[in-house]
Every structure is written in C-alpha cells, then in structure tokens.
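*Asks:* Quick paste from TrEMBL:
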{"type": "DOMAIN", "residues": "B:55-236", "note": "domain 'ABC transmembrane type-1'"}
{"type": "TRANSMEM", "residues": "B:62-83", "note": "transmembrane segment"}
{"type": "TRANSMEM", "residues": "B:95-115", "note": "transmembrane segment"}
{"type": "TRANSMEM", "residues": "B:121-140", "note": "transmembrane segment"}
{"type": "TRANSMEM", "residues": "B:161-178", "note": "transmembrane segment"}
{"type": "TRANSMEM", "residues": "B:184-205", "note": "transmembrane segment"}
{"type": "TRANSMEM", "residues": "B:217-239", "note": "transmembrane segment"}
Amino acid sequence: MALPGIAIPDQAAAPKLQVTNLGVVFQGNDKTIAALDNINLEISDGEFVCLVGPSGCGKSTLLNAMGGFLSPTSGSVSIDGELVSGPDSRRILVFQEHGVFPWLTVEGNIGFGLAKLSRSERAQRIAHYVELVQLQGFERSYPSDLSGGMKQRLQVARALAVNPDVLFLDEPFGALDSITRVMMRGELLRIWQAERRTILCVTHDIDEAVQLADRVVVLSSRPARIQNVLTIDIPHPRNISSPRYLTLRDELLKMIGLAYEI
Amino acid sequence: MRFPVWLRPVLFILALLALWEIAIDLHPGQLMPGPVAAFAAIGELLQHGLLLKHVVASLFRVTWGFLLACVTAIPLGLVLGWYRRGERAFNPLVQLFRPISPLAWIPIAILWFGIGDLSSIFLIFVGSFFPLLVTAISAVHNIPEVYINAGRNFGLSSVDFFVRVIYPAVVPQLLVGMRITLGIAWLVVVAAEMIAVNSGLGFLIVDARNAGNRYDLVVAGMIVIGVIGLLLDLGMRALERVKSFQWTNQEN
Ligand SMILES: Nc1ncnc2c1ncn2[C@@H]1O[C@H](COP(=O)(O)OP(=O)(O)O)[C@@H](O)[C@H]1O
Ligand SMILES: [Mg+2]
C-alpha cells in the first residue's frame, strides 16, 4: 500500500522499485536502534528521486536496505517485481568519498565490474564512460592524482559502466567544496539525461534536491518515516530564479523545518 | 656550500670511520681492530671467494625461510582476518607462540633437521611466520569499510572478492610488515648460522673467533651483515613506492 501523496505519476506502469512496509532495527549489545519505520515508496523507471532528512535519521540505512547490503527487519524491497536479497551489479551504491579503488587507475576502476566482457567490449565501455564523465587524458592516472570532484565522477562512471537498473547515491557530493558541488550537480543531470537510469540520491543540500529531482522524499528524524513527498514539476533546464522554483524550494524548506541540519 | 642530501650521511660515516681509526691507532693495546684492518679483511675474504660464498649461503636461507613464511602466513592471516570467528579460535595459539624467540627453537630445529640449511630455513620461517600472520590479520581489519562496500556492489564471488578487493587493499600494510619481518629474518639467520650450520655470515663470525681470534674478520663480517641488511631494507622500501602499492600514503 502506497502512502497518499507518493503515488507515481504514471499509474499504469509497474514501479521500477517498490519498498513495502520496510523496517530496520539494529541490535546492539545492550540496546536496539530502530533506524527505519514502515517505509513505503514506489519509484518509476528513469525517475530521479532525492532523499532528505536530518543527519543520523536512517538515510544511508534506507539506501543500504534498498541495495541489498543489509537485510530488513521487516518488509521488503523489490526491483522489477523481484525481491532484493543481496548486493548485485544491477544496482550500485555510490559513496560520499573514498569509494574508488586507490590501487587501480581510472581505467581499472571503470572496468572493475566488467570482468565478464571481452577485452574489446570492455575497452569500448571504458572509453565511453571516460568520455561521459569527462576524464579524458586521465585514463592511466591513479585516484591519488585526481581532485575530489574527479574521483566522484569516476565513482559514478564505474557504477554506470555495469549498466545498473538503479543507482543509489549516498551524499555523493557531500565532501566537495561548494563550487565543485554545483558543477557536479550539472554533470550528474547531464549524465542522467544521457543515460536515463533510475536514481535515488541522498543529499543534505536543498538546492541540489530541487534542481535535480523529479520528487523529493522528506524523512523524519530517527526512526526514519516518510514525512512528505514533494513533486518538482519543472522541466529541465530549471531556472533557479523562476517563481515556481522558488515556491517549491520554500515549500521543501518548510517541510524540513528549522529543526533539521541542512 | 650545499651538499646533496645523500652526501651528508656518507660524509658522517666517513668521519666516524676516521675517528675510529685514529682512536685505535692511539691505543695500540687494541680492544678491537680498526676500520682499515676490517676493510683489509673484507678484501682478503673477497680474494679467496669466501665472502661471496658466505653471503650467498645466508641470503639463500633467508630467501627460502622468508618466502615460505610469506606464502603460508599471509594467505592464512587474510582469511583469519576476514572470517573473524576463525581468528577468535586461532588467536590464543598465535599469542602463545609469538613471544617465543626464534632462537628458542634452535634445539628443536637441530633435532628435526640436523645441522644444515634446513635448520636455518626452519628457524627463519618460524621467526617470520608470526609477525607476518599478525600483520596480515590486522591489515584486513584496517581495510576502510568503504572499499569493502564498494567491492560488494559488483556481486563478486568470494574468491574474486579476495583477489580483487581484499588483497590489493592490504598490500601497502603487508609491504611494511614484510619489510620489518625481513629485518627480523636477517637477524635470525646470523644467529642460526652461529650454531646450526657451517657456512654463512654468522658462521664466518664465530669461526673467525674460534680459529685464531681473527677479530678483523669478525668486524668484517659485521660490516657486511649491516650493509646487506640495509640493502634489503632499501629494496623493500622501493617496492613500497610502486604506484599501485603506495596508495595509503595519500588517501584517508
Ligand atoms: N550497522 C549499524 N549498527 C548499529 N547502528 C547503526 C548501524 N548503522 C547505522 N546505525 C545507526 O542507525 C542510525 C541511522 O544511521 P544512518 O542510516 O547512517 O543515518 P544517515 O545516513 O541518515 O545519517 C544512526 O543512529 C546510526 O548510529
Ligand atoms: Mg548517511
């Protein structure tokens, strides 16, 4: 059962990703921590959804459960109607930082998930994604020689290279300086428009959410519940000084309230 | 005037050698030979082909003992580090064996393998095994979780995961542990050769004293041991600087 207000725009199509009554409780030595409480969410194919919420509320836990990295205490996650039971390359999680393998070159990282392809197919795929994330000329470089923004582009390229159905981004630009972050936002949008993957992106940046997302899901403090869902009905490219943009941005800020760290 | 950086220690050592020689010359009732005599002894050993023979004998034993320890302790340590239950089972045993000096094994080595290469190799193996095992276990524990999660993304088999994520992630720490352990192995071989064999640099030192108090040969042996130990260390450090191995220095 979907909560009111988070019905997908196109009711006819089956959802790409369906989260049903999802709950996660961590068992500590002496106490239990409820991280997710009865999350229901439907995401359609090719949709870009941003998740916002106070820090420590369970956003990463939600992504981990959706990606199969962590088995839920209750409820379920399914992608294309198939139950998610463990990590696999049809869905890739991109981490805030240090997610690329420092012992591999740019090429090695992008090709990491492509071991099953033939040599020439792999080379082609790598070349395509090097170009998509604009790392031409750095194919043989190690991550230690790349800037923070380049490393995150590399992580996105490595994720996309295995043709995942769904991409989970956990505060992908959170560790970058604000100028780089704005540039990366544009890059991500361009990549999403070129590749049309389903993307779920945790962010603590309100502008990032309103500029990128089709829908923004607002989570409560721990244990995370879905508090609100805001549909951003502005076509790309979005004019960030248009009245509609500013209205939606205000609305989102109101939903989050002052109690939140943003 | 500026010296190149590498020249400073060289000049310092030369100065010390000069002081040593002067001190010995001023007090002819020698407690030990001076550097001139020691280097003359090295020349003498070279001339008779003895130096090469002893150096090769020592390096041969260290190589085998150390390599055997590497190929057993490192894979075992990686697996134990990853499967923590196994480590908990093994840990008391490891902690019990670890403080036993490899030299304490000398009688057992002679009992099992007699006088000869095998005894020394065994002692070096024992001396290297536990440090390498502990290094490998803690290296796995220290892998940043993000690499493990990033690797899990791609749904690799356990074997692939070990070879493509865990192993490369621990290489920098392993290399440091291997360098330190090789230093230990080099200490152990000299001690082992004083008792369990009749060749090698350790034997050279004991033999020089026993056969006529040739302290110039003793000091010559010590200098050669020091120089080779230094070269081994430099070799391992060079390995640590290989680009795909050295990532820990910049990350995190
Ligand atoms: N493996 C775990 N074991 C126990 N508690 C955890 C674990 N992972 C996360 N938590 C707790 O669950 C809560 C939510 O964490 P997280 O999902 O990382 O928050 P967010 O990403 O929203 O900042 C936090 O209080 C955290 O301490
Ligand atoms: Mg988080």
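We count from 1, first residue shown onward.
Positions of Cβ are set from backbone N, Cα and C atoms, glycine also.
Automated prediction, rather than curation, is the source of TrEMBL annotations.
Each of these features: where is it, how hidden is it, and who are its neighbours?
*Replies:* Residues 122-124, 126-127, 130-131, 134, 184, 188, 191-192, 195-198 of the same chain lie 6 or more positions beyond the ends of the transmembrane segment (B:95-115) yet place their CB under 8 Å from a CB of it.
Long-range contacts of the transmembrane segment (B:121-140) within its own chain (CB-CB distance under 8 A, at least 6 residues past either end) are made by residues 61-62, 64-66, 68-70, 72-78, 80-82, 87, 94, 97-98, 102-103, 105-106, 109, 112-113, 166, 170, 173-174, 176-178, 180-182, 184-185, 187-189, 191-192, 196.
A Cβ distance under 8 Å defines the sequence-distant neighbours of the transmembrane segment (B:184-205), meaning residues of its chain 6+ beyond its ends; these are 45, 50, 53-55, 57-58, 61-62, 65-66, 69, 102-103, 106, 109-110, 115-117, 119-120, 123-124, 127-128, 131, 217-218, 221-222, 224-225, 228-229, 232.
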